[in-house]
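Under the heading active site, nucleophile, TrEMBL lists 318. As annotated by TrEMBL, active site, proton acceptor applies to 761. What TrEMBL records for 181, 184, 201, 214 is Zn(2+) binding site. What TrEMBL lists as domain 'UBP-type' is 157-267. As annotated by TrEMBL, domain 'USP' applies to 309-799. Residues or ranges marked as domain 'UBA' by TrEMBL: 616-657, 675-715. Annotation source TrEMBL lists region 'Disordered' at 589-610.
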């Protein structure tokens with residue numbers, strides 16, 4: 001006790017604003033359930049596993065810890081029946097059930113360095129210690145506090161239109177059966193407008209099913225805000241699907257019974273005949289493709305050990321899990337954050353709070369995935385056999401990594417499903433920023449390559465434009481499907497069955513099948529660029545553009561553009577299979593700059609009003625937006641009009657201005673650059689920036705020095721590269737980019753099933769130790785039938801010559 005009293009100065013009573021970690025070690029994946037339990041630093045309120053608490057003592061001198069140990073309770077009660085999921089999510093209320101056993105906790109006070117142990121609770125402990133420990137135990141852990149905060153944004157909200165909803169006294173009485181769309185023959189997916197009682201069909205789905213958009217068009221014509229889906233109304237009104245058009249989401253109508261009664265609907269007598277929007281989405285995904293991607297029904301042999309650790313789903317976090325499993329199967333990341341960097345080295349370099357340090361959390365994740373420490377069979381609940389025969393592993397929960405990587409991207413901090421491509425690009429961007437100025441130690445560099453576009457105008461003269469990228473985004477040319485005969489027969493069968501009112505079965509559906517080679521050829525194929533300003537002709541004309549790669553990266557990431565925007569900005573998913581071989585050769589895609597005999601377009605004259613210098617769109621922002629399927633010109637305008645402040649701002653601008661009458665007009669060429677004061681250029685030069693880069697930054701930022709400085713720091717690879725209309729010479733390949741031969745082997749791929757990238761499920765398949773392995777959250781096993789043709793992101797590794 002005297003040892004504790006002499007260390008009371010190291011004990012703090014936590015304030016309400018303090019973040020308290022007590023569920024997971026901040027430098028490993030040890031938890032209170034681990035053999036050594038968890039040690040909570042009573043000064044910094046950080047948690048450490050048994051093997052790591054000594055490191056914290058040596059670094060900080062903090063000596064007093066609360067030791068928490070959890071042991072599994074024995075359960076005699078019968079297992080609860082599993083409930084049918086109602087949400088397309090995992091690990092959340094209403095989603096797929098991840099039931100866990102119950103645990104009981106035991107506590108001790110431990111004083112380092114001698115690990116003196118005192119019991120808790122105990123009246124003999126100093127009051128300060130008792131108050132501090134009680135506060136820690138009563139507080140919501142920082143890990144769960146962040147999780148709970150994320151969930152609140154995903155619950156249905158009460159519509160602001162419900163309380164004072166206008167209901168027309170037009171004599172409409174809705175019958176209990178026999179509903180039909182007032183504007184077409186649809187008898188399913190019908191919505192009752194709660195203002196005028198009109199029954200209309202719902203939106204058309206991406207695959208052509210659903211309705212004819214009559215309900216949403218009715219809202220656009222009338223402004224009547226709320227509709228309820230007929231067939232979802234039962235005595236339990238909470239299950240009814242109410243949609244608010246102006247709020248653009250499913251909502252709660254607390255007065256639904258009253259609103260239904262206005263049209264003579266006795267909800268107590270109705271039975272459910274239609275799925276809610278969420279249930280329909282769920283049902284569409286628990287089908288052939290869903291099962292095939294997850295290899296459901298296959299007798300999958302579980303795998304354990306180093307490199308075979310699963311990632312527990314934190315609630316719609318499969319996009320993160322699938323992406324990071326593939327990333328940490330690559331040598332560059334394994335070396336940087338595992339082989340060449342120990343946990344103790346990362347911890348020694350980390351700030352006072354290692355939970356907010358990306359380098360520490362990446363190293364923690366790498367050691368968690370690759371060491372094999374957390375990849376061991378575990379006993380099922382009530383199982384008395386040996387753990388070695390169990391097909392399950394606990395896996396690890398990447399909570400702290402998710403929190404720190406999402407700090408600069410609010411969407412990734414929510415529990416909503418996200419786009420794996422967007423996450424990958426954000427992750428790579430953060431890694432590059434963290435290693436800025438240290439290219440030799442930057443693992444993200446292994447993905448980086450140069451893209452060169454060659455433009456030739458009718459004068460015969462050419463211009464070359466370059467940018468760097470991390471992914472090669474490929475359009476899918478459906479017109480080059482290799483199974484056109486089967487598709488034609490399928491369409492005939494579909495029409496015949498539709499006429500007979502018979503639904504197609506899953507095994508009757510035929511999807512287009514396109515070869516990856518055709519997708520790659522499409523990237524390099526000549527393309528017309530309209531309204532191109534030729535400095536040779538001094539006029540607008542049509543140029544021919546071709547594209548190629550100036551370097552071949554160590555790892556080539558191919559993004560299949562399965563999600564495209566139709567007219568009216570309606571997202572559509574291409575229901576298509578891609579024939580992907582396990583080795584490819586892209587040597588023919590190399591671009592070598594200006595060739596003998598080619599003549600470059602001349603530079604524009606300073607006084608040329610038609611080609612006066614304009615604001616430049618940030619190439620990285622434009623590339624990310626284009627990779628999502630948006631029009632190149634629109635993306636350039638969005639970046640310029642948001643001062644290159646970021647992808648999110650540019651996306652918001654796009655959505656706000658999509659219907660502008662001049663959205664497809666060329667970027668104004670007579671917008672003069674702000675008169676850039678030489679003193680502003682001198683100011684940036686005094687900061688250490690090159691004059692050419694300073695000029696470009698000031699042009700892109702409207703002449704504002706502060707914004708120009710932010711632009712430079714947010715574009716570490718920025719150079720004085722020209723825009724689309726400028727003529728540039730064929731400069732040499734960036735020597736900092738990796739390069740080599742054009743032959744690649746398929747290392748892994750991320751598959752997605754769902755109607756959009758913001759719903760559904762992601763799974764990774766990786767080629768390891770001579771076999772394909774499926775990583776489906778915490779489940780890891782031998783893949784018997786890897787769905788190579790269903791990938792969304794493909795990761796290729798360059799073969800050495």
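Placed from the backbone N, Cα and C atoms, the Cβ positions cover glycine too.
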Which site among 214, 761 has the most other CB atoms no more than 10 Å from its CB, taking these as recorded positions? 761
The rounded CA-CA distance in Å from the residue listed as 'active site, proton acceptor' to residue 318 (active site, nucleophile) is 6
Give the number of CB atoms, excluding that of residue 201 (Zn(2+) binding site) itself, located within 10 Å of its CB. 25
Shell list (Zn(2+); ref centroid = CB of 181, 184, 201, 214; cutoff 8 A): 182, 183, 185, 186, 190, 200, 211, 212, 215
In this predicted model, the domain 'UBP-type' (157-267) has a mean pLDDT of 87
Counting each residue once, how many in the domain 'UBA' (616-657) are helix, strand and coil under DSSP? 30 helix, 0 strand, 12 coil
